[in-house]
Amino acid sequence: MGSGDLNMKKSWHPQRSGNVAATQKAEAEAIAERKKLQQRLQEIEEERRKEEIQKALEAAGGKRKIDRVEWMYSGPTDGQAGDSAETEAYLLGKRRIDKLLQDNDTKKALSKQSQQDVLSAAGPAPVVTNARDVATKIREDPLLAIKRQEQQAYEAMMNDPIKRRQLLASMGIDDSQIAAKGGKEQRRHKHRSHHHRSDRHRDRDDDRDRDSARDRDRDRHSRRRRSDSRDRSRSRSPRRRSDSEEDRSKQRRRDSPDRTRRRDRDQSRSRGNRDRDDDRSRRHRFPQGRSRSRSGSPGGRSSRRREYSRERDSGGPSSRRDDRNSRDQNRPRRDYAKEDEQPKYDGGLNKGGRRQQQPDGDHKNAEEERAKKLAAMQAAATDLDKAREERLKALAEAERAEREADEKARQQNKKFRGGDAGFMSGLHSRAADMKIADRMNGRV
């Protein structure tokens, strides 16, 4: 047996490989910690120098630095600017609790005094005049963001009918009452606006009628005055006739072209309104043929005579009507006879969507033809029903006869052949009579 040191087998021996590795690891960690601490102390020293330089610049009249979020990184002084040595004591582990308890009152007094000194030295707070900074502060305001989220949630809930109904029910408000109230307000607003529009149209029509009546009276008075002056000029000398003509020319020159155009436009509009009302009332009162024949009555002739005299005096629509008639004469005529030879049924409606008026004879013929077609369709349907019933009866009779024959065959089999035993004996006898070729072919 060889000799050896038994202490090498102990777990506490420093030369064991495990203990050596643990020692090296602990030493490396201590060295890394000292390096980090030294680096942090250098950073603190650099920050302190920068602060001193900034304070010196501010004291010399330089630009003041605005503190925004620096208070978050000011250190373990509860938001107060304490001593730098006290700040570094946390890192070095040299800060003692007994000293803090003893100097608590003194620190409070010093902190209040330092706050007052800082406020008095700083003066008024700097005013932020940059619009971008103001917009950024408003956009990043947490309270504003919370309010905006609440508003969005409320709008989403009001847009959802189920949640809206639940909210109104919790508040004790009926949704149907709100909807009915809104519908009443909308109908009242529409009714009020309709009344306003009808009143405006009525006032405009009344003004137009008054203007047209005033123009008619002026035209009648001017015609009467011209006729009187013409009668007087016949009985007077040629000199007086020339004087009257000069007066009439002056009177005509006195009427401005704008007034003449306005009078012609009002007259044509009033005549169009009267003609349209007369045509509408005539269509409601009489058929198409009778209303067309009534236009040749003496009253119609007298009204046309009055309109012709008025148009001749005004000199407006007659020339336009002549031009329109000349254009209609030059336009090629449609051959309605060829169109009648090829009738097309459009459901009784013309291009305007109104039902065309047919003569009584054609209407009666169409009704008779429709009645004949309906009778033929009903007769064909009746014949089809009868044929179907007969076919169903024949099928039922055939099924009944087949059931009776089957029942009769069963009764005979039971009576003469003994039922199932007779059936099996018949099968055996038939199998015995079969040849081998029939058996090979599978015949029974």
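Residue numbering: from 1, along the chain as shown.
Cβ coordinates come from backbone N, Cα and C, glycine included.
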As Swiss-Prot has it, region 'Disordered' corresponds, among 1-27, 82-108, to residues 1-27
Contact set of the compositional bias 'Basic and acidic residues' (360-372) with the rest of its chain, CB cutoff 8 A exclusive, min separation 6+ beyond the ends, reads none
DSSP composition of the compositional bias 'Basic and acidic residues' (397-410), residue counts helix/strand/coil, works out to 14 helix, 0 strand, 0 coil
